[in-house]
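Participant: So that we are looking at the same thing, I have put the structure below in structure tokens.
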Amino acid sequence: MASSSSSSSNSSTSSSALSGRLPGARSANPRKARILGLFDAIQDAVGPPKQAAADRRTVEKTWKLMDKVVRLCQNPKLQLKNSPPYILDILPDTYQHLRLILSKYDDNQKLAQLSENEYFKIYIDSLMKKSKRAIRLFKEGKERMYEEQSQERRNLTKLSLIFSHMLAEIKAIFPSGQFQGDTFRITKADAAEFWRKFFGERTIVPWKIFRQCLHEVQQISSGLEAMALKSTIDLTCNDYISVFEFDIFARLFQPWSSILRNWNFLAVTHPGYMAFLTYDEVKARLQKYSLKHGSYIFRLSCTRLGQWAIGYVTAGGNILQTIPHNKPLFQALIDGSREGFYLYPDGRSYNPDLTDLCEPTPHDHIKVTQEQYELYCEMGSTFQLCKICAENDKDVKIEPCGHLMCTSCLTSWQESDGQGCPFCRCEIKGTEPIIVDPFDPRDENRCCSFNDSLCTPMFDFDDDDLREECLIMNRLASLRKMNERQNSPVTSPGSSPLLQRRKTPPDPVQIPHLNLPPVPPRLDLIQRGLARSPCASPTGSPKSSPCMARKQDKPLPAPPPPLREPPPPPERPPPIPPDSRTCRHLHHAENVPCRDQSTPNEAWCTRDLSGGNQPSVCRVTHDGSPKLGVSSSVLNGRHSRVSTEAGFMRHKHHKRRESPLETHRVYNGLSGNEEYDVPPRLSPPPPTITIHPTVICPLLANSASDKVRNSAEEDDSEYKIPSSHPVSSRLPLHCHSIKHFPRLCENGQCLSNGAHNGISEIKN
């Protein structure tokens, strides 16, 4: 008797769970089931009721309903395909995550907080309703559930998608079982600002409230449009909009400034949009267009929420599906249409024109702070340089983590199936183009920008003022560079624009290692001003910053002390008699004498670069260029590096890559043939040496070498400038012949036009 009563109560409870309503209702009656389904739809349209507390008992009841759905879907007659969304994987994963959440809130106090959590209450209630709906679907559909093309089977697939969305949402709001909905990071900054402004730290809001707030920012034209919008945003179909669903909507129909316009074009009027469609259903739908190359449809990706999946028919009749990365959907469709992939939406001949959605998006500017500048200087790098390839400038920001890199590295990472951000492994939900504005210590105290300078009169300067003259040259060079970039077919800049900053050229007295003109008058001021201009160097990589032409394998110099005046230059040493020195001149058509730089002498002498005990032995290579044997000199406690001009060989132990086009360096307004971590102090110039291109005097070379060695040991604390002694072309008569190598003269430096296929050492 007791067993019969127990069985009757169990059957009554079971029927109550299946029907979802009155305990006395009979689920076997299809008419009543349809009425109850209509009642559910009306209640959903009216609005959600007040949620009860989601205590442990309620959660366990939901588990039982989920378990029943799993057992119904395990029927072999269904022949469910193991492809997303696979309900036999989704519901067990949901169950495991709920168990994880309860384990994190095991004591009574924490469990009470969890049961009163607004989002958790709504989630458990929605999960229970969806489970009951799935059970009722099996009860109503009966044998039609086993037909793949039936409407009941289609409804089961839609429920599977909803369960999949709910699983992704609970994992995002409760990562590792801990509630973090109040700190959830919305990917797009402007969308996040909207949510914070209207909803603060709330995790979920009713649809009616969300609609009113959205209408204040972007107008919703009609109630019909509002219903269609709700069906797009409300992925879990519970009449609430969570911060997770809002983030996905903002990513799908970006940018936020025109999000409703984009949504109307792509989801309302576009014939290629398919809502709640799976991978297999896309293939089945496009199968009838297998002979029509270019047919396509697109849907929300169920495995990567927030991204689109586009299915299309190839020229060979195959059906492929792809997920576009790092670009909005309308841009992907426009590009695919130009390339002949996306021509016929859902097989139709009319392909909507989406070019109206293409509006120039302003790039976010990231200003490098002084602390970042100094930190990266100590590491021998720059903030704007991509830390993965060390070649290109950072031009893209990963969202929501905010890490920066160059586009080529991000594309390569994603094509290699890299998961998440390469730096922090955070999920890549989106990207934004950015421009890094380098820090310039010379412009630190200036508020005017390059745009402001264009509006001010530029010709109120003194012709004798070198600073102002070079400043004008810099501006003209910047304008020319900017015009070249505007005429370039490349639309998206990969580096900082020239409009953002203006650099005053450095005082030539503060840069003693620049090539000085040999004799007055100084007609080369314009050329030298352009060469020193950070924006005028033509040797930078196309992908690098136009105001930061550099070689990637060398560190940036440390920031110079502000407002430090250099000491006055000392008097030049008296000229050395011609009979006690040797000279070298260049042999070319015009027989133009070169500037008496110390580099030719260093090619065959021993010197101490730092004034320490570690000499650096130089030798002449086959092309006549000097090559250091040992380089361990230190300038101000930091290692210096050897010149890497186009006519010079690289240092032995320096094996990083460098662009072959870069022959000139610009660092924070300082340019020169050698690079230092701080502005260098040059030793007094060695005696000028004259050597015929085909003969050399070894005896005089020894004496000259001693003089150079003695001059290098002088006190380097005083400020030195290069010498400009006259060049002697007289030759001693008693000299030994050596092999001649053809040489060129460029900017006062001796360059070889031969190949690096041998080494010729000059012996004393």
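Think of each number as a place in line: the chain as shown, counted from 1.
Glycine residues also receive a Cβ, built from the backbone N, Cα and C atoms like all the rest.
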Participant: To which of the residue ranges 357-385, 676-704, 734-762 does Swiss-Prot assign the term region 'Linker'?
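Facilitator: Matching range for region 'Linker': 357-385.
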Participant: Scan 1-27, 649-675 against Swiss-Prot and say which stretch is down as region 'Disordered'.
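Facilitator: That would be 1-27, the stretch labelled region 'Disordered' in Swiss-Prot.
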Participant: If you count other C-beta atoms within 10 angstroms, which of the binding-site residues ASP234, GLU245 is the most crowded?
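Facilitator: Of ASP234, GLU245, the one with the most crowded Cβ is GLU245.
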Participant: Around ARG299 (4-O-phospho-L-tyrosine binding site), how many other CB atoms lie within 10 A of its CB?
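Facilitator: Taking every protein chain into account, the count is 21.
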Participant: Residues near the Ca(2+) site, ASP234, THR236, ASN238, TYR240, GLU245 excluded, by Cβ within 8 Å of the Cβ center?
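Facilitator: After dropping the recorded site residues, what remains is SER126, ILE204, TRP207, ILE233, LEU235, CYS237, ASP239, ILE241, SER242.
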Participant: Pop the mean pLDDT for the region 'EF-hand-like' (181-253) in here, whole number is fine.
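Facilitator: Averaged over the region 'EF-hand-like' (181-253), the predicted model reaches a pLDDT of 94.
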Participant: According to DSSP, which kind of secondary structure is GLU245 (Ca(2+) binding site) found in, if we only use helix, strand and coil?
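Facilitator: In three-state terms, GLU245 (Ca(2+) binding site) counts as helix.
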Participant: DSSP helix, strand and coil counts for the region 'Linker' (357-385)?
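Facilitator: DSSP composition of the region 'Linker' (357-385): 10 helix, 5 strand, 14 coil.
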